[in-house]
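J.: I have a structure I would like to understand better, so I am pasting it below and will then ask my questions one at a time.
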């Protein structure tokens, strides 16, 4: 194996990514080197491409980015015992310290010292990625490489949707991006009564309909209260999944929640994001922030959802070769795509 590989690198502090030859990551005693077969583009990667304020504050330059992937093990460290060369795997992109209170209590997703693959350390937009053995997730034979490559965002959706009991509940999802749609699918499959998803992007709304969401609302044209009445809802929503990061959508959600309703919040809010906190108080709402996946219960559940028949393939709207990565990022930046999966093989 050559000691060099091609990778997408944030090599300059400006808009874009660049394909370069970089050293293959070194494998420590407890590490696993994975030959990447498929990579998916995340919204985080778009922020890095755009070199926005968050990226400028967060991403060291140069950096191999990317964190959504699947592949097979190419090399294992001397102390690795659970995996073998050639095994099909994906990986958890949040690397935790294992020493803080939350880690030692089995709540690794709450680690204060989390490092992000492709954010704080070299990522998966390369021919190889190296992660600790503890972050490796084996992929069953009945799950394809491209579905495994989108398990990271699917895990965000599963973590968000399963934050609260859904059986018999009426659920509102604000934001029909890929994660919002997958969250709505999880809610529907988990026994929710009514599942309503809202957005203002026609392409995303069409994609939600294509994937079988029953009640798809264009918030720029339709009144949510009228939709609730039309589908037989006499009280507010029991559970809200906020995936948009848009203040108008979140405010509308708060207005439409039943007293005592529960809201899981994954959408990242911009500066100046304002809501009416008196409504939160007097409606006695329960708000929960979500970041990443619960390790590794969320992974177990998302694998089970797919093996149980949940078809995520329509959420992948673009399949491209890695050398055409610019086309993939253009599709993502347009807002008119679902997931974009890039083939390294």
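Placed from the backbone N, Cα and C atoms, the Cβ positions cover glycine too.
From a predicted model like this one, the values you see are computed outputs, not experimental measurements.
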J.: Given that Swiss-Prot lists 97, 100, 103 as binding Zn(2+) 2, which residue among 111, 130 does it place in the same site?
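T.: Answer per Swiss-Prot: 111.
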J.: Of 179, 254, 281, 303, which one shares the NAD(+) site with 199, 204, 266, 267, 268, 290, 291 in Swiss-Prot?
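T.: For the NAD(+) site that includes 199, 204, 266, 267, 268, 290, 291, Swiss-Prot also lists 179.
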J.: Return the residues near residue 100 (Zn(2+) 2 binding site) by Cβ distance under 8 Å, restricted to its own chain and a separation of at least 6 in sequence.
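T.: Set apart from residue 100 (Zn(2+) 2 binding site) by at least 6 residues yet with Cβ under 8 Å, we have 111, 112, 113.
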J.: By a simple count, how many Cβ atoms lie within 10 Å of the Cβ of residue 204 (NAD(+) binding site), its own Cβ left out?
T.: 23
J.: What does the structure give for the C-alpha distance between residue 47 (active site, charge relay system) and residue 103 (Zn(2+) 2 binding site)? Integer Å is fine.
T.: 29
J.: Rank aside, I only need the closest one: which of the binding-site residues 97, 199, 204, 266 has its C-alpha nearest to that of residue 68 (Zn(2+) 1 binding site)?
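T.: Given the candidates 97, 199, 204, 266, the nearest one is 266.
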